[in-house]
Amino acid sequence: MCPLPLAAAAVTAPRTPLRLLGRGLAAAMSTARPLKSVDYEVFGRVQGVCFRMYTEDEARKIGVVGWVKNTSKGTVTGQVQGPEEKVNSMKSWLSKVGSPSSRIDRTNFSNEKSISKLEYSNFSIRY
């Protein structure tokens, strides 16, 4: 069992302006341009170290949408979408930080493109 990330245990005040409450993350991000989408694959010691849970937590903190999952070859793969600067922050986290017990050898990014709208409403772990 993985320990909860500190952010998951802490209760913080919402950072979304009141006018956006109730419309969801996707609606809040639709006002920011340009939107980016990128696929990723992380290599190293990234399975059995809570990498997916920490990735989901970090994505929600940063404010991006998409998904993450383990692969049969021992890597973690997924997709991130959101405003360009937030996607870049997540790319940096996936390349350099990861979960506390992980070891990231390299991260490959592919299919990076501008998109007109988000394809996901949140960030989730896939199985």
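Backbone N, Cα and C define each Cβ position, glycine as well.
Feature annotation from TrEMBL assigns domain 'Acylphosphatase-like' to 37-127. Note on the domain 'Acylphosphatase-like' (37-127): its mean pLDDT in the predicted model is 97.
The active site annotation in TrEMBL covers Arg52 (among others). Taking a C-beta cut-off of under 8 Å and a sequence gap of six or more, Arg52 (active site) has these contacts in its own chain: Val68, Lys69, Asn70, Val76, Ile125.
Per TrEMBL, active site is recorded for Asn70 (among others).
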